[in-house]
Amino acid sequence: MEYQILKMSSCLFILLFLTPGILCICPLQCTCTERHRHVDCSGRNLTTLPPGLQENIIHLNLSYNHFTDLHNQLTPYTNLRTLDISNNRLESLPAQLPRSLWNMSAANNNIKLLDKSDTAYQWNLKYLDVSKNMLEKVVLIKNTLRSLEVLNLSSNKLWTVPTNMPSKLHIVDLSNNSLTQILPGTLINLTNLTHLYLHNNKFTFIPEQSFDQLLQLQEITLHNNRWSCDHKQNITYLLKWVMETKAHVIGTPCSKQVSSLKEQSMYPTPPGFTSSLFTMSEMQTVDTINSLSMVTQPKVTKTPKQYRGKETTFGVTLSKDTTFSSTDRAVVAYPEDTPTEMTNSHEAAAATLTIHLQDGMSSNASLTSATKSPPSPVTLSIARGMPNNFSEMPRQSTTLNLRREETTANGNTRPPSAASAWKVNASLLLMLNAVVMLAG
């Protein structure tokens, strides 16, 4: 009896001693840590899963092997958090992956298509690396990959940026592809994106509003693309966005055009004007008059008992220094009160002149004939100094020559009365006013 009890006790002891080893067995081709829940089977030339893997493993590294197909082979590992199947010969992502995955790397395989079924139930996945494959198409569905924060699709054969990318993405790497376009609305939901890598592609331009919602962006790479710097209509949006964004831009496209836009934003110029300035001195009669001088030089020729004629010269000199902005039109300085319809013609500008006359004839009243003969004919001539070339003739002058012809009196000569002198002065002023109005 005692012998049987002792025999049973030894068996129980051996069973209790071996039980932990049975529960925590590690495959011979792998190394295990963290209580055999982290399993590393990389670089063992495996083509199938090694036997003896525990179903409660949380980390599995199968990289650098010769796997070509892992469909439905990883489904039992419902606690799996990290899966590395990079550097194998897989042509597609394994079907029926456990939904517990957080991180998955499938880089450097032969995957040509990332189909919607490959990621349909990966609600917990945060990191997905499918770089260095042969991807030509990526199909994503809305409301899948809800937790995805990092998506690496670099070094593939993509020609358009994938649509329906998850809104929680922080990092998207699309570098080293053959990307040529971004479809409208592709990036509109990526409001949490902080890093976007687009270098080494074939972009020529970025469509309007493509980057407008990337408000959290911290870094973007744009170098080594085929930007159409000479097509301003297409490239203007990207250049303005580069100037205004707070993100760090690596590889600024069309640097010369960006510098030009920065200068224009710092020194804005009204439409139709250029930024150059030049000075024009005393070139135009139509301006505010700084100095107005009038010179009266009476010249009287007498014959016995008659007045043959009288000649009076009025000289008007205008001067003005003005600075103008260069435009595409001819340079003409117009006063503030010049009518709008006159500002488009050199002739209108030259004809507009205002002369203020003083009473210079009152002292010559004694020269007026007192005869009852008809009013003397008056001849007025105006010589305008409008230059044909402003740069060659900067000073402008206007000369008014007034000549009055009087008939010969046969009667006795006597000093003219004051009434006759006033009549002559009034007629002269009226005629002068009429001439100035006609000239204007």
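Using the three backbone atoms N, Cα and C, a Cβ is placed for every residue, glycine included.
Per Swiss-Prot, N-linked glycosylation site is recorded for N45, N61, N103, N152, N176, N189, N192, N234, N364, N389, N425, and the stated evidence type is sequence analysis. According to Swiss-Prot, the repeat 'LRR 1' annotation covers 56-78. Positions annotated as repeat 'LRR 2' by Swiss-Prot: 79-100. Residues or ranges marked as repeat 'LRR 3' in Swiss-Prot: 101-121. Marked as repeat 'LRR 4' by Swiss-Prot: 124-145. Per Swiss-Prot, repeat 'LRR 5' is recorded for 147-168. Annotation comment: Swiss-Prot describes 169-189 as repeat 'LRR 6'. As annotated by Swiss-Prot, repeat 'Ser/Thr-rich' applies to 229-270, 271-292, 293-335, 336-377, 378-416. Summarising the annotation, Swiss-Prot assigns GPI-anchor amidated serine to S417 and lists sequence analysis as the type of evidence.
In the set N61, N103, N176, N189, N234, none of the glycosylation sites has a C-alpha within 10 Å of the C-alpha of N45 (N-linked glycosylation site). Nearest by CA distance to N192 (N-linked glycosylation site), out of the glycosylation sites N61, N103, N152, N176, N234, is N152. In the three-state DSSP reading, N234 (N-linked glycosylation site) counts as helix. Helix, strand and coil content of the repeat 'LRR 3' (101-121), in residues and according to DSSP, is 3 helix, 5 strand, 13 coil. Cβ atoms under 8 Å from those of the repeat 'LRR 6' (169-189) belong to residues 131, 148-163, 195-204, 206-207, 209-211, 213-214, 221 of the same chain, restricted to positions at least 6 beyond its ends. When the C-alpha distances from N176 (N-linked glycosylation site) to the glycosylation sites N103, N152, N189, N234 are tabulated, the minimum falls on N152. The Cβ of N189 (N-linked glycosylation site) lies under 8 Å from the Cβ of M165, S167, Q213, each of these being in the same chain and 6 or more residues away along the sequence. Distance between Cα atoms for N61 (N-linked glycosylation site) and N152 (N-linked glycosylation site): 19 Å, as a whole number. Long-range C-beta contacts of N152 (N-linked glycosylation site), restricted to its own chain and to partners at least six residues apart, with a cutoff below 8 Å, comprise A107, L128, D129, V130, S131, I171, D173.
N234 (N-linked glycosylation site) sits 39 Å from N103 (N-linked glycosylation site), taking the C-alpha atoms as the reference points.
Summarising the environment of N61 (N-linked glycosylation site), the number of other Cβ atoms within 10 Å of its Cβ, over all protein chains shown, is 20.
The highest number of surrounding Cβ atoms within 10 Å, among the glycosylation sites N103, N176, N234, is found at N176.
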